[in-house]
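Report on the structure given below.
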Amino acid sequence: MSWAAAAAVRSLWRLRTGALRPLSAYGRRISVRFYSLGMTLDNINRAAVDRIIRVDHAGEYGANRIYAGQMAVLGRTSVGPVIQKMWDQEKDHLKKFNELMVAFRVRPTILMPFWNVVGFALGAGTALLGKEGAMACTVAVEESIAHHYNNQIRTLMEKEPEKHEELLQVIRKFRDEELEHHDLGLEHDAQLAPAYTVLKSLIQAGCSVAIYLSERF
């Protein structure tokens with residue numbers, strides 16, 4: 001075995017045992033602790049987990065960009081703290097999926113640069129309609145994400161759920177927090193946004209396209 005091959009084997013072993021602290025996509029060192037219940041690269045349903053982690057990473061990245069756009073417009077208004085609170089939770093979601101991308105060697109979607117621009121534009125554009133527009137966007141996006149998470153939970157429950165228990169816990173937790181954001185949007189007058197029903201339908205159609213593309217590309 002060559003020196004390079006031996007080094008690669010040692011690095012993989014350290015990653016699987018949690019001893020290695022790899023770099024995230026953003027260059028920060030992260031901690032990988034996802035094997036405590038036996039969810040390893042060998043015993044998971046690899047194709048399903050790849051799709052789930054890739055699309056969820058893209059979704060949480062897009063949600064972060066949406067809230068960044070909203071804060072750029074409404075950050076100094078009375079609704080700013082509400083948006084910031086939701087954004088902080090989305091940052092935690094993205095951090096977790098950054099860790100999972102490294103731990104399970106899942107490639108990100110090639111559409112990340114596109115979601116970067118589109119997410120910010122969607123957040124800022126709806127915020128320009130006022131607080132109600134921003135909250136209508138939140139309701140539409142979070143409802144779509146929660147529905148998608150429920151579909152993923154059903155998929156994993158059909159594929160030896162004991163092997164995917166930790167991932168199921170992550171998805172359930174994040175789904176519940178997305179639903180909290182959805183409810184906050186309704187509490188802050190989302191339904192008073194101009195053409196609320198049309199706006200919500202258009203945003204959710206865009207979310208469906210984004211999910212489809214991010215899973216596959």
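Note that Cβ sites are derived from N, Cα and C of the backbone, with glycine treated the same way.
These come from TrEMBL:
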- GLU60, GLU90, HIS93, GLU178: Fe cation 1 binding site (BINDING)
- GLU90, GLU142, GLU178, HIS181: Fe cation 2 binding site (BINDING)
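The Cβ of HIS93 (Fe cation 1 binding site) lies under 8 Å from the Cβ of GLU60, ALA63, PHE174, GLU177, each of these being in the same chain and 6 or more residues away along the sequence.
Minimal Cβ crowding within 10 Å, among the binding-site residues GLU60, GLU90, GLU142, GLU178, is found at GLU60. Put simply, GLU142 (Fe cation 2 binding site) is 5 Å from GLU178 (Fe cation 1 binding site) when counted between their Cα atoms. Calculated from their C-alpha atoms, the gap between GLU90 (Fe cation 1 binding site) and GLU142 (Fe cation 2 binding site) amounts to 11 Å. The number of other CB atoms found within 10 A of the CB of HIS181 (Fe cation 2 binding site), across every protein chain shown, is 25.
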